[in-house]
C-alpha cells in the first residue's frame with residue numbers, strides 16, 4: 001500500500017506542469033550557483049595562497065631595521081575559507097578576510113566585498129543556501145498543498161477511506177513523496193560535498209555531515225507541514241493561502257524581526273565610536289603612571305639609578321610593558337563588544353522556536369564556518385599571533401638594543417623567528433555549545449510537527465468512519 005501510494009504521488013507530481021517548470025528553474029539555478037561558486041572558490045583560494053606567500057616574502061625581505069620599526073611595518077594575514085563556503089557564504093562578504101597585525105593596534109578585518117557591490121548586489125546573492133532555505137520550501141508548498149485537500153474536494157479521499165486504506169500509510173506516503181521530491185534538489189549539493197571531501201584539503205567530514213543532516217531535516221519539516229495543513233484545510237485553495245502565509249512569516253518576517261529585536265536588546269557601538277573609546281582608554285595619564293612605576297621598579301630591581309645603566313635596552317622592555325597594558329584594555333573593551341554580539345546571536349537563534357528558517361540558517365553558516373562566531377575565532381587567533389610577534393620583536397630589542405655604537409639593526413635572522421600564520425577551523429564536534437539554540441529549534445519543529453501529524457491522522461480516521 002505504501003509503495004502504491006508513493007507511486008501515485010510521484011505520477012501526480014509529474015502531471016503538475018507549472019510546478020515542474022518551476023522546479024526545473026530552481027534546479028537549474030542551484031546547479032549554476034554550485035558551478036559558479038566552486039569556480040570562484042578555486043580562484044579565490046589560489047589568490048589567497050599567492051598573496052600569503054608574497055606577504056611572507058615581504059616580511060622576510062624587509063631589510064635591516066630597528067625591531068620596533070618592523071613591528072609597525074607589520075604583516076597581513078588572510079582568513080581561510082571552508083570548502084562549504086561555496087554552499088553558504090553566510091556573512092563572509094560583510095566581515096572581511098584580511099587582517100593587519102601591527103604594534104599598538106588591534107585592527108578589524110579589511111576587504112569586505114559588500115563595500116564594492118552595487119546596490120542590486122547588496123539585495124542578496126544567489127547562492128545554494130539561499131535557494132535551499134528560501135525557494136525550496138516554496139516549491140514544496142506548490143507541489144504538495146493539494147495532496148490531501150484536493151482529494152477531499154474531489155471525493156476521492158472518502159472513497160479511499162471507505163475502501164479500508166491504512167490512514168497511517170496513506171499519510172506517511174504523502175509526506176515521503178513530498179520529502180523525496182525535495183531531496184532531489186538537494187542531491188547536487190550532496191555530490192558537491194562528496195567531491196569537496198575528495199578534492200579539497202579544507203573539507204571536514206563532520207561539518208559536511210552537520211550541513212547535510214540539517215538540510216534533510218529542514219526539507220522533511222516543510223514536507224510534513226505542507227501535508228498537515230492540506231489535511232486540516234477545507235479546500236486546496238485555503239491550504240495554499242495558509243501555507244504561503246506560514247512561508248512568509250517563517251522565511252521573511254520572523255527573521256527580520258528577530259534581527260531587529262536582537263540588535264535593540266543588545267546594542268553595539270558604531271566602529272567610529274568604539275575606536276574613539278578604545279584610544280581614550282589606552283592613552284591616559286594612568287598609562288604613563290603605570291610605565292613610570294614599572295621603570296622605578298625595574299631600576300630598583302637591578303640596583304641602578306638610570307635606564308642607561310640597565311643590562312638591557314630599556315626601550316624594548318618599556319615597549320613590551322606598554323603592549324601588555326594596551327592588551328588589557330583590548331581584552332576588556334573587545335570582550336564587552338563580543339559579549340553583546342554573542343548575546344545578539346543567541347537571541348536570534350532562540351527565535352528558531354518560531355521559524356525553522358532561522359534554525360537552519362544558523363546551523364548552515366556554522367557548518368560552513370561563515371558566521372560571526374567563526375570570524376571571531378579567526379580574529380582571536382590573529383590577535384594571539386600579533387601579540388606573539390610583538391613580544392618577540394620587543395624582547396629582541398630589549399636583549400640587543402644596548403649593543404653596538406651606532407644603534408641596533410635586526411636582520412632576516414630575526415624576521416625568520418616570527419612564525420608564519422596558519423589557521424584551521426575547529427572540528428564540528430566543538431560547535432554544539434555555540435549552536436544549541438539553533439539545533440534545539442530545529443528539533444522542536446520536528447517533534448511538534450510529528451505530534452500534529454498524529455492528530456491529522458486521527459482526523460482522517462474519523463472522516464473514514466463518518
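Along the chain as shown, the residues are counted starting at 1.
Quick reminder: no glycine exception, Cβ is built from N, Cα and C everywhere.
Remember, TrEMBL labels are computer predictions, not curated facts.
Residues or ranges marked as transmembrane segment in TrEMBL: 20-38 (among others).
Away from its own ends, the transmembrane segment (130-150) comes close to residues 9, 13, 16, 19, 22-23, 26, 29-30, 33, 124, 157, 171, 174, 178, 181-182, 185-186, 189, 215, 218-219, 222-223, 226-227, 229-231, 233-236, 238-240, 243-244, 247, 250-251, 357, 360-361, 364, 460 of its chain (Cβ-Cβ under 8 Å, at least six residues beyond either end). The transmembrane segment feature in TrEMBL is assigned to 130-150 (among others).
Counting only same-chain residues 6+ beyond the ends of the transmembrane segment (171-198), those with a CB under 8 A from a CB of the stretch are 1-2, 5-6, 9-10, 13, 23, 26-27, 30-31, 34, 38, 83-84, 86-87, 128, 132, 136, 139-140, 143-144, 147-148, 205, 208, 211-212, 215-216, 219-220, 222-224, 226-227, 230-231, 453, 456-457, 460. The feature transmembrane segment is assigned by TrEMBL to 171-198 (among others).
Counting residues 6+ beyond its ends, the transmembrane segment (210-233) has Cβ neighbours under 8 Å at 84, 87-88, 132-133, 136-137, 140-141, 144-150, 171, 174-175, 178-179, 182-183, 186, 189-190, 193, 239, 242-243, 246, 356, 359-360, 363-364, 366-368, 428, 431, 442, 445-446, 449-450, 452-453, 456, 459-460 in the same chain. As annotated by TrEMBL, transmembrane segment applies to 210-233 (among others).
Residues or ranges marked as transmembrane segment by TrEMBL: 240-259 (among others).
Residues 167-168, 171, 175, 214, 217-218, 220-221, 224-225, 227-228, 231-232, 346, 349-353, 355-356, 358-360, 362-363, 366 of the same chain lie 6+ residues outside the transmembrane segment (435-457) yet bring a C-beta within less than 8 angstroms of a C-beta in it. Per TrEMBL, transmembrane segment is recorded for 435-457 (among others).
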Long-range Cβ contacts under 8 Å made by the transmembrane segment (240-259), restricted to residues 6 or more beyond its ends, are 133-134, 137-138, 141-142, 145-146, 225-226, 229, 233, 347-348, 351, 354-358, 361
